[in-house]
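The domain 'PHD-type' annotation in TrEMBL covers 39-89. The domain 'SET' annotation in TrEMBL covers 220-321. TrEMBL lists 1-33 with the feature region 'Disordered'.
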Amino acid sequence: MAPPPPMSAAAASRRRRTQAPRPLSEPPLFEEDSSDYCDVRCETCGSGDYAAQLLLCDKCDRGYHMFCLHPILVAVPKGAWFCLSCSRLKKLKSFPLVQTKIIDFFRIRASSEAKQCPIQETPKRRKRAGSLVVSKKRRKLLPYSPSEDPLRRMKQMASLATALTATGAKFSDRLTYVPGMAPRSANRASLEHGGMQVLPKEDVETLNLCKSMMKRGECPPLMVIFDPREGFTVEADKCIKDLTIITEYTGDVDYLRNREHDEGDSIMTLISASNPSQSLVIWRKKQNLKCVRYDVGGECRVLLVANRDISKGERLYYDYNGYEHEYPTEHFV
C-alpha cells in the first residue's frame, strides 16, 4: 500500500501546534509573531492576531484563540484537541440514576447514619448586661443545607458523577498525597509567608459536619449542567446563604516547582511559602464564591465559601488566584 502524501510544511507546523508541550517559559499572552499561521483566523473573534495563542481543532482544522474559548484554556492541551462543533459528535452519557451505583461512586456509608438528621443550631448565648465594651461579632461559617427530597439529592450526585465520568476525573473528598509527589509532611500551614489564619474550633466543627453529611449522602444543593459555551458548570439547586461552606477544594498535592509548567488547567495555591521550594499547589466571572485558605490542625485546607446570598439557578464562580495572581485568568468572564 502506497504511503500517504506528505503534509505541507505549513500544514505540518499547524498540526504540531495542538500537540506541542508547554514551553519552559510562557511567551507574553499577546505577543505578535510572524510564523506560518497568518492564514489561520479565530472562528470566535475573526482575528488572525496573536498566532501563538491560536489552537487548531484536530478534526476540522479550524482555529480558535485559547482566550476566546469557553471555558478559557491557559495552556496548549496535551494530545488531541477538538473544538465544540466536533466534540458535539460525542453524545454525553448520563450517569445511571441508580442508588447502589451512586452510593458506590461516592463511597457513601450504607448505615443507620443515612437517616435524615436535622441540623441542630447552637444555642445563642445571652449578652452580658452592663458591658461598656462592644466588640465586633465574628461571622461564623454555615453548613450547607441539603435538599430535603432524597430523589433530588440523587439527581444532584448523578449530575456530578456524569461530569466526572465524561472528563475522566475521579471523585475525591480529601487531599491526596501520591508517591513521587509532595508528602503529607510538606503540608505545614506554618510555612505560609506572613502566616495563615487558623480556622476557629466552631468552624472546624461546621466543616466536619459538612464532610459527615456528604459521607452519608446528604450532598450540597448543587446541580452540574453541560453548557455548550462553558462546558460543565455548577448551579445552585436551592438558595444558599452567605458564608455557607460549599465544599473543600481537594485533589493531588504537589510542589509548585513541579507544576509551574504543567498543562493542567486546575491548579490551586495551597501554601505560598517564604521559600519558593516549599510552596504547594492542589493540582487539578463574577464570583459568588471565595477561596479561603485556613490552618486546620496544622495543615492547610482550601474551602469554597459563599461570599453572598446565592439564589436558586445561579451559576457558581470563583477565582483561582486568591491574592497572588499566579495564573493567567485575566480573560475569564
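Here the Cβ of each residue, glycine as well, is placed from N, Cα and C on the backbone.
Automatic, uncurated: that is what TrEMBL annotation is.
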Tally of residues which DSSP labels helix, strand or coil - the domain 'PHD-type' (39-89): 10 helix, 7 strand, 34 coil
Per-state residue totals over the domain 'SET' (220-321) - DSSP helix, strand, coil: 7 helix, 51 strand, 44 coil
